[in-house]
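Colleague: Dropping a structure here in structure tokens format, bear with me for questions.
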Amino acid sequence: MDYKLNNEDYEVILNPVRYSTSIVSLGDIRYRKKRFKEPDSPSRHDLPEDDLLMYDTKENGGKSITKFFTGISTSDVYNLLGLIVVSIIVRLYRLDHPNSVVFDEMHFETLALKYIRGNFFIDMHPPLAKLLIALPGYLSRYDGILDLENESEFFESKYPYVTMRLISGILGIFIIPFSYLTIKLSGFSTNAAFLVSALLIFENALVTQSRLILLDSPLMASTAFTMLIWVKFHNEKKRPFKTWWWIWLIMTGVGLGLTVSIKWVGFFTTIFIGLLTIKDLWDLLGDLHLPLIRWVNHFLARVLCLLVIPVILYMLVFAIHFSILENSGDDAISMSPEFRHTLNGHGMNDTPIDVGYGSTITLRHFNTRGGYLHSHNHHYPSGSKQQQVTLYPFKDENNLWIIQKETDPKIPFETINPSWIYHNTLIRLSHVLTEGWLHSHNIKPPVTNSDDQNEVSVYGSKDHSDTNDLWRVEIVDHEKSDSDSGRRLRAIHTKFRLFHINSGCYLYSHSNKLPEWGFKQQEVTCGKGATFINTIWYIETNSHPKLPSDTKMVNYKKLGFFEKFIELNQVMWTNFKSISLHPYLSHPSSWILLKRGIGFWAQEHYQIYLIGNPFIWWTSTLTVLIFVIEKLNTILKAKRGYIDRFSGKIIFLKNKNVHVCLTNRESNII
């Protein structure tokens, strides 16, 4: 039955954020941690605020339960043990089968080997889960070669793939007790907690992910841990700044840091916790009995624990990542020269800082990290059909150029005493191996076929040059500690543009690649109105036979941790945005009804196919819909002054000095 209440006299206590310890009830106030002995216990003012609202008259005989996890009984412990045992069997039985690569295992096993060998690599996900995956190989001192080119290839006998899968399996097992405790401590019944955990044990998709070397199981475990600890913190909100309040708040921050350090998608967990935190702070701000300085303390505590601690933990994971990957690797070419200079095997010898006419240099593009200005004895298939000019990411003799004066190009550079090259000076650049000149003209490039771009080539010979080979040096930036580098060209310190006199364009490069005939190297053009930063160059190496022996030498500065941290995350984000859509990509709309799965592995008569448990998925979808409908119904009734009868539960109402207790049978004055 429903009870009609006088809206002016009674306030139905249905606000869980203010009165309840449940983080998920959103108005469904059914259970409390502490319980009353009798329905006619002392009035509302005689009870601690945290004990008020409701207690269960059926479960546990009304007895109070006080343990490390308040609200967890001995029967809960037995339930947890049973659930964990079943979960171990489901997730770890025959973990060695199949003994071949399944789905993305090959990718993460390759990265694990790079950790073992200390070779630098770039992945689109943060390092924490990959560090855990690599740990068994490191502890087992595995030093073999994982020579796998395709999925479904078999592992060699010594490769510790079972132990690596065990990491995912153990973390998958942790999801079960974390979920049980979260449901229980959120104020729901033991039966509800047991049901949720049991369903998760046999959820096909979770089981599959937990048995393979993937990042999903660590991500789910850390997310579940974070939500559990947040519920514990929320249950302590009536005892702010006490020991356990601080412990749970700090541990929530640790959970957020772990989650984001596994996959960036974990940032959505941070957003969720952040929204709940904002709601808490807003409620506290509306409490007129709370001093402002106390509210500020609440705000600062949450900033420290939920923002600063996760950031520190995230950075600590990258510090471990950098300390292990000390050697150069194939992915190092995507990093800046300064970053690569910190890796073993990729350093550069000091180079003379003074650059003059007759200097042999390598010219590097500033923005795209595409590499060195490069030419080779291959020609464009269209346009002028002259010698190609590209950006090449590796050191090579075809990257060498000689700076010559605008006049007298025939004079051997070995005989020229170096004279400095100042801002707005005209120069020619001679390609060392082919002896042609860096050249541009009013012909469209073969790839970027636009009116504001001209082709750049190498043309002419040692004895022949024309005015299309003239470039003006325009210094645009320099090392602030070296004032001379702002007036004249100096290696590494001076950033400059090269302006083509005849065409009125700047030497330019961007991320576009040439086709097969250009060896997939980066395109170089001469751009009018081109993006400024893509027209900036600098000299990396420099030599001249006439330089004095005491010439000052220069090299890239060593990057500190914060600079490396920021740069790597920028490159990771760039790679993340540039990836093509995965062929198995699914959209959230397909998750509701479980429309499709993913084929993970197939051999002969066996197959691994990732798909959720239809019964669990469809039932959970239906449950969400029922919950929304019921919640809307409850809210509408509350607005009209009605309150539903809760079987076996007691609800307190207040009216000045009168307190009313409603049960399923009657209304009593307390």
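Using N, Cα and C of the backbone, Cβ positions are placed for all residues, glycine too.
Reproduced below are the annotations present in TrEMBL:
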| type | residues | note |
| --- | --- | --- |
| TRANSMEM | 77-93 | transmembrane segment |
| TRANSMEM | 162-182 | transmembrane segment |
| TRANSMEM | 188-206 | transmembrane segment |
| TRANSMEM | 213-233 | transmembrane segment |
| TRANSMEM | 245-278 | transmembrane segment |
| TRANSMEM | 299-324 | transmembrane segment |
| DOMAIN | 352-406 | domain 'MIR' |
| DOMAIN | 418-476 | domain 'MIR' |
| REGION | 444-463 | region 'Disordered' |
| DOMAIN | 486-542 | domain 'MIR' |
| TRANSMEM | 615-636 | transmembrane segment |
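Situate these features within the shown structure.
Modeller: Residues 23, 69, 103-105, 108-109, 125, 128-130, 132-133, 161, 164-165, 167-169, 171-172, 174-175, 178-179, 181-182, 185-186, 206, 245, 248-249, 251-252, 254-256, 258-259, 262-263, 265-266, 269, 273, 276 of the same chain, all 6+ positions outside the transmembrane segment (213-233), place their C-beta atoms under 8 angstroms from a C-beta of that stretch.
If one looks beyond the transmembrane segment (299-324) by at least 6 residues along the same chain, the residues whose Cβ comes under 8 Å of a Cβ in the stretch are 115, 118, 126-128, 131, 241, 246, 249-250, 252-254, 256-258, 260-261, 270, 273-274, 277, 280-281, 561, 564-565, 568-569.
Within its own chain, the region 'Disordered' (444-463) is flanked in space by residues 375, 380-384, 386-389, 410, 430-431, 434-438, 469, 500, 503, 505, 507-508, 510, 512, 514-515, 518, 523-530, which lie at least six positions past its ends and keep a Cβ under 8 Å from the stretch.
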Colleague: What parts of the chain pack near the transmembrane segment (162-182), using Cβ distances under 8 Å and only residues at least 6 beyond its ends?
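Modeller: Answer is 69, 72, 76, 79-80, 83-84, 87-88, 91-92, 95-96, 109, 112, 132-133, 135-137, 140, 193-194, 196-197, 200-201, 206-207, 209-214, 217-218, 220-221, 224-225, 227-228, 231.
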Colleague: Could you count the residues of the domain 'MIR' (486-542) that DSSP puts in helix, in strand and in coil?
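Modeller: Counting residues per DSSP class in the domain 'MIR' (486-542), I get 8 helix, 30 strand, 19 coil.
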Colleague: Who are the chain neighbours of the transmembrane segment (245-278) in space, where the CB to CB distance is under 8 Å and they lie at least 6 residues beyond its ends?
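Modeller: Sequence-distant neighbours of the transmembrane segment (245-278): 23, 125-129, 215, 218-219, 222-223, 225-227, 229-230, 232-234, 236-237, 239, 301-302, 304-314, 317, 576.
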